[in-house]
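Asker: Have a look at this one.
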Amino acid sequence: KCFEVGEFCGSPMLLGSLCCYPGWCFFVCVG
């Protein structure tokens, strides 16, 4: 899972987490 900005994630994350798409985390997914 992705919790920190700049962390890499390889799969879509759940609502409320820092990523909603594969890649680098830069925002919180809200919808």
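Heads up, the Cβ atoms here are built off N, Cα and C, so glycines get one too.
Below, the features straight out of Swiss-Prot:
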DISULFID  Cys2-Cys20  disulfide bond
DISULFID  Cys9-Cys25  disulfide bond
DISULFID  Cys19-Cys29  disulfide bond
Asker: Is it possible to get the count of other C-beta atoms within 10 angstroms of the C-beta of Cys9 (disulfide bond)?
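Answerer: A count of 18.
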Asker: Taking the Cβ of Cys25 (disulfide bond) as the centre, how many other Cβ atoms fall within a 10 Å radius?
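Answerer: Within a 10 Å radius of the Cβ of Cys25 (disulfide bond) lie 21 other Cβ atoms.
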